[in-house]
Structure formats: structure tokens, C-alpha cells
Amino acid sequence: AIISRLHTHDMEKMGALAKRMPWTAAACLIGCLAISAIPPLNGFISEWYTWQSLFSLSRVEAVALQLAGPIAMVMLAVTGGLAVMCFVKMYGITFCGAPRSTHAEEAQEVPNTMIVAMLLLAALCVLIALSASWLAPKIMHIAHAFTNTPPVTVASGIALVPGTFHTQVTPSLLLLLLLAMPLLPGLYWLWCRSRRAAFRRTGDAWACGYGWENAMAPSGNGVMQPLRVVFSALFRLRQQLDPTLRLNKGLAHVTARAQSTEPFWDERVIRPIVSATQRLAKEIQHLQSGDFRLYCLYVVAALVVLLIAIAV
């Protein structure tokens, strides 16, 4: 729908489409929430069962599975966090902010047939979650028939039950709670609306004294910059050979040989100690310099160790 109106795949040329394509924005928002496993949509139900199955690995007798459970939990948590960041970027850059191109400024809603198709898929995301207590046992019977394993209780009434664990979740109740959460703030906003209207003025967005430009809006590259810093090693897909570095090292080696020889104690004792100390300090400097990637690695490593200790 978006590509048909803007004629581009470049997210940096979109923006402010929620005002111009409201139905598309609503359907896309539901899809983003579902794929990010936000309750009470279908993505949350499937991920909740996945988490419960990983927790159940702590009760099996195989030590390998007990150790694999915490590692899989960390991987699933990282994957979920990356998915949330990805779709926050996708929806925010595409539908919010200011338009970044002429096509975005002139965009219009798609035809009704496309709107119906998108809303149908969004409705399925909600209906599958609300009917999970009925669908989950059906899927369990199919899995039992294919794998020939003992059946597992996955639902009890309208509640979802992860086998023998003493936990459960009710999607319909979650939906009611989520709908009721904005009720009190909404009533407060309606009560204060008339009182604040007399003191409200509409003007341009504040840009620290500069005139506002659409280019000042957050970009997709800016939103994902923290991830690009953390996973910068994965983006090094190509290494280029620079012969000047090797030539410089060769010349430095030749000139070092041409220099006068130091006394025995300086050459054999003091210099190796100084060199080893400098190398060690250079390595330790990475721990002290405040590298965000190392801090994330510490947290993940500590979490893995704690989960393995609990599982064992």
C-alpha cells in the first residue's frame, strides 16, 4: 500500500503518512505490535508458549537440555528486543514525523479493496489471540498425531496453561485490561481540555532557535545507530589490503636494526617488561574506555552464567 502511493522503497523519503493514510497506518500498527509479541495479539501468544517451553527444560534429566535452555532464553530475548527496535523504526519513520519527500506530502489513502485486505489481516491477528484457548488444543492434537508423543494440556477454559506449570494467561482478560488502562487518563484529559484551551497556542516546532526543516526529523539510520555500534563487527564484510602499512613496518624494522644496541639489562630485562606492560595496558584500556558493546557483552554473559547456575 505504501509503495503503491510513494513509488519508493526508501524509508528516508516517507514520513507523516499516518495523517494521509490513516487506515493503512492503523493496520500496520496492529501488525507491528503483533510481530513484536505485544499482548494480547497472536505474536504474544506464540512467544509466551515458547518461553514456557524453554522454562520447562529445567525439569528434564538431560544436562545438555538444561544448559541449552538458558542460552536459548538469552537468544530469544535478544531477538525480541531487536524485533521491537526494528518495527519501532519502521512505524515511526514511515508514519510519524514530517514528510521527507514530495510523494509523502501528496500521498493519499489506498483504494477500499486494499484497505479491506489489510484490516482483515489485522483482525485475524486479534481474533487468533482471543481464540487461542480454542485453537491451541487443536494445534496440540495435530502435533501429537505427527510426533506420537503424550499430549500436553495447553488450555483450560478461556485460560492458556503451559502443561504442568502453575502459570496461566487469559488473552481476553489482557485485552480488557489494556483497553481500560487509558480510560482514567482519557477522562482526565477531557476534564482539563476546556480549561487548557484558553492558554494554548499553536506554533512551529521548537528547533533550538533555528528554523524547522523536515531534515531535522529523526532518520532511520539515526534510530538504528546504537545497534550499528553494538554489531559493528558484523558489518565488516570486506577487508582491503593496504601495502603501505607492511612497508612502514619493514622500514621501521630496518632502522631499528641500524640503531646502536642497548646494554644487556635494558635490552633483555627492562624492555620486555615495559613492552608487556604496555601491551597489557592497551588491552585493559578497552575495558576502561566505556565501550557500549563490551557493557552489553558483560550483561549478557552474566545473565547466561546465572541462568545456567539456576538450571543446574
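The backbone N, Cα and C atoms fix where each Cβ goes, glycine too.
Residue counts for the domain 'NADH:quinone oxidoreductase/Mrp antiporter transmembrane' (4-65) under DSSP, split into helix (H, G, I), strand (E, B) and coil, are 45 helix, 0 strand, 17 coil. Annotation comment: TrEMBL describes 4-65 as domain 'NADH:quinone oxidoreductase/Mrp antiporter transmembrane'.
Residues or ranges marked as transmembrane segment by TrEMBL: 67-92 (among others). Long-range neighbours of the transmembrane segment (67-92) within the same chain, counting only residues 6 or more positions beyond its ends whose Cβ lies under 8 Å from a Cβ of the stretch, are 11, 28-29, 32, 35-37, 47, 50-51, 54-55, 57-58, 218, 220, 223-224, 227, 300, 303-304, 307-308, 310-312.
Outside the transmembrane segment (113-136) by six or more residues, the chain places 1, 4, 23-24, 26-28, 30-31, 34, 39-45, 49, 154-160, 170-172, 175 with a CB less than 8 A from a CB of the stretch. Per TrEMBL, the feature transmembrane segment maps to 113-136 (among others).
Per TrEMBL, transmembrane segment is recorded for 172-191 (among others).
Outside the transmembrane segment (292-311) by six or more residues, the chain places 57-58, 66-67, 69-71, 73-74, 78, 226, 229-230, 232, 286 with a CB less than 8 A from a CB of the stretch. Per TrEMBL, transmembrane segment is recorded for 292-311 (among others).
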* Would you mind listing the long-range same-chain contacts of the transmembrane segment (172-191), meaning Cβ under 8 Å and 6+ residues beyond its ends? => 39-40, 129-130, 158
